[in-house]
Amino acid sequence: MTSSGKIRIYELSRDLHLENKDVLDAANKLSISAKSHSSSISDEDATKIKKLLLAQKSSNSSSPPAKQKPNKEILTLKKAITSPPTKSEANAKTNASLDKTSSLKNKPASPKKEIPTSPKPPSAAKQRVDAIKKPTPSISKNNSLKVQPTIKKPSLVSPKQPNIPSPPIAPNKGIKPTIKRQDSNNENLETNKTKAKPNIVSKPQARQIKQSSDLINRSPKTSPKQPIQEIQTNKPKAPQRPIAPPPRPKVQSQFNQKPGNNNLRGGPNQRKGIPQGAPSGQPGSTKHPRNLPTGSYKGNRVELVGAPIRRNTKPDNGGRGARDGNFRQGGPNQGPPISRQGGARRQEGGGGRGQQMRPRTGMPPGMRKPVAPGELMQLQKPTSSATPPIKRGDLNKGPKKDGISTAKPPANRPTPSAAPKRPPARTGAPGSSRKRKPDWDDAAKLEALRNKSPQKQRQKVHIIGENDDALTAETSGFAGGGQAVVLSASLARPGKPKASKKSGSKPTGALRKRKKESTRQRQRRRAMELRAAREAKQIRPEMIVVPEDNITVQELADKLSVESSEIIKSLFFKGITATVTQSLDLSTIETVAEEFGVPVLQDDIEEAAKKTVEMIEETDIKHLTRRPPVVTVMGHVDHGKTSLLDAIRKARVAAGEAGGITQHIGAYQVEVEHEKKLRTLTFLDTPGHEAFTAMRARGTKVTDVAVLVVAADDGVRPQTLEAISHARAAKVPIVVAINKIDKEGASPDRVKQELSEQELVAEEWGGDVVMMPVSAIKGENIDKLLEMILLVTEVEDLQANPARLAKGTVIEAHLDKAKGPVATLLVQNGTLKAGDVVAAGPVLGKVRAMVDENGKRLKEAGPSCPVEALGFNEVPTAGDEFEVYPDEKSARSVVGERASDARATRLAQQMASRRVSLSAMSGQVNDGDLKELNLILKADVQGSVEAILGSLEQLPKDEVQVRVLLSAPGEITETDVDLAAASGAVIIGFNTSMASGAKKAADANSVDVRDYEVIYKLLEDIQLAMEGLLEPDLVEEKIGEAEVRAIFTIGKSAVAGCYITNGKLQRNCKVRVKRADQIVFNGDLDSLRRNKDVVKDVSSGFECGIGCDRFANWKEGDTIEGYKLVTQRRKLNT
């Protein structure tokens, strides 16, 4: 009792004559905070605990034990009992009998190892007995002698020892072979009080009496109706595992049976870790306690009998209380095996021992391999001799008697020095992860145990605590010096099983192995992988697609399938220092790619070819009818696209085009007779020049079939590849027309071969692409080409709903000075009528008139019909989708949203184009290097404006910047002239005219206005204008050469008499004096005389005198070169 009115746990347990663990368990049940035996609790809590413990005692003594959970009982085989005696009689008889024999018997005889246990004071043990359940079977006095050996001793088998078999030890003659049955618990208390020295517990010895073997054979015949007693554990919900083997049919006892102290809590002998079995004064009792177990020999087999353990009474309805035969280890219905001798494997009753050793795999039910004293890691060092391990298969071979499975002893038994390593604990087995609780009450007993137990070197004594794992899982992983070590359940806590260690160490090793790779090694490995990947794809691409944003040198190298160092070297030779992470603009990318022979296509242009809007809606499905196909003619410039269309239309459009090239999208409808029916085809003629990429993309976007025109004498060219990519992006079928087959050098097969490299394989070569050789000039195979086009379009299900409001795409748009904004529309669904309200992107309009390609006015236009519509409030953007709305209000709301978005996009583009570094600009201005060419661009159609702007972007801008202040389709107005005068810009007109007053204003303000019809000339003049802004270069121009033939000295200077061999020499010109191919002077010619007369120049074939103020070291044979510096127009650096 503390001064504060509290009481400690160990004081309460002492008053109640109970273990600390019992009191702690009771406190936990009552939710009273008590962590250890030294914890303090209040008097009120102590009273509650006392009441609970007293109630448990009374209930345990009066009621049968509760059924415990499966796989957690400690099962002990007992003799079938005829009539239950009283508890006091049974306990008194057993203990008295055990007390007498344990003090006299059992000298160790075989290398059976013993597991020592920790000591306990007699008083504590006595109190524990009271707390243990005591209903025991009734045993008559006549059967007491016979039952004792059967209940108490296990029949364990020891393997055969081939090297050094131990002879049987003669029994002690001073002891009678018979023993009267007494209460084992009382006997333990008496023994512990009388012994002055701890007894040594050797292996269980078989009794010599005949009755022992007979009773052992009969012991399994336990009636299911007769309950077997079992110790009531402190934790009733933690059943134990069976640890003892079943009895053998015959036991030949050569020694007197040693019952041992089988009280579950054990006495002080067990506490100190010293084996029991012989009194302190008896000779030989402690002579070889760890090397030789006691037992009886039968041949080379040692037969051991375990100590009895009382079992709880179990009901016979399928429980574990009374089962016989081959039971499944750890199963829910376990038979009662015989317990092992010694207190090391004590039950839960007083000590709280939660787990027991599990039987080996392959052993008979209930059989457990004996443990030799030499296997105790912390108490005994192993000896040097070794024997083979026990064969588990031998343990299964045993006779059966009366339905009870009995074990046959193995042939060999290992010596203590070479005990076989036990396998790792079986995961999932019952009891493999149960917690153990310590069997001591204070640190003094633990210290005494350590001092008394010799330890192996470098092996630590592990004390089992409350949170420790099961003994079976832990003892299997310990081995010292190549030998397996079996630890005492009371004293040692082994490490984790080997299997778990290995499995746990593997991930760690893998992690360490990964960490060993340094950054340089990882980079080297990545470089090797990339190099291998590049080597695998050495084939250079035919064309690369560059995104709208800039790409880095490394990305360009990957696209070109070359090393980045090659790109850097190419840029270095062009005066550009770059790294692998530096971004490149489009012009630089095109220049580098051109060196490697790969054309470049912008990704945004390819995206423009993709069909983004579905023209047919769900409401149109019921009203769909067949529509004419839209055919786009594509190909490289001058490959004959327009001539082919002229041959189809029987017209002469190409002759009327400026420069003989197409610069607009021409939309035509042609009626063709097919299968005695007139079929309509809509053709779109796209420009082939490289500047009109966007036009080609728009043409592909609305097409159903792409006709790829390739000249038979020229083959596949860059724009041909671009057209192929557009067609593939739009996912439309391709029909190849191999044109100009009538020209010399035409090779259609070579064209097919080149196209097959682009995965376009002709049908006659086993592919699926239609290729038709034609001649547009002579009209050869034109009908066959049209027929093939119709066949291809028939495969495509081309339908539209003409009974709805029109939807389509703006093919082209321009500003006409008489008609205003004009848009070429292709109706793709529905019917467009005059007077419809049309919204084309951010532009709103009302169709005032429609005309076809021949200028014929139309009232309506159905699906796949191209028309020119008038009535827009401004020029729409080519490529936008248009849609007809039922009223102007709904159309205006849609257009307003689009206009705001377009305005924001346009502003962002302008800001991006004008974004420049302030420091770079100021430096260029100071050096005079900043040159700008301001332009105002007016063209006939929107597509031409786009083409010109795209071409201007590709011009070099390192020294001269081109700024387009205004670009729009339409005629040149007076407003444009005023803007050009204010900004010093040049007005560029493309296929357009000047409005009234614009010419006069341009002359008044000295504004340069240029008008062009061919895009080639326009781009050439703009480049010349940019070069004109550059400072001219000074270059040397050689004018003559003279030879020194005489030297005249005049005062301090000297004059060279020369003969003009080439050209002429002028006074004050630059001269260079060479002597033996070395320049000795470079300067001005100051004096030139001929016959003492000063002259301006001397021509070839005459003699003259030459003097230089800064040079007088003339020698005969010198060569004088005369030259002058002239300015030369600079070229743009490309």
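Using the three backbone atoms N, Cα and C, a Cβ is placed for every residue, glycine included.
As recorded in Swiss-Prot:
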type	residues	note
COMPBIAS	56-65	compositional bias 'Polar residues'
COMPBIAS	83-105	compositional bias 'Polar residues'
COMPBIAS	137-147	compositional bias 'Polar residues'
COMPBIAS	208-234	compositional bias 'Polar residues'
COMPBIAS	251-264	compositional bias 'Polar residues'
COMPBIAS	495-504	compositional bias 'Basic residues'
COMPBIAS	511-524	compositional bias 'Basic residues'
DOMAIN	626-798	domain 'tr-type G'
BINDING	635-642, 685-689, 739-742	GTP binding site
REGION	635-642	region 'G1'
REGION	685-688	region 'G3'
REGION	739-742	region 'G4'
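In the predicted structure, the region 'G1' (635-642) carries a mean pLDDT of 77. Fewest other C-beta atoms within 10 angstroms, among the binding-site residues G635, D638, K641, are seen around D638. Taken residue by residue, the region 'G1' (635-642) breaks down under DSSP into 2 helix, 1 strand, 5 coil. Residue counts for the region 'G4' (739-742) by DSSP state, with H, G and I taken as helix and E and B as strand, are 0 helix, 1 strand, 3 coil.
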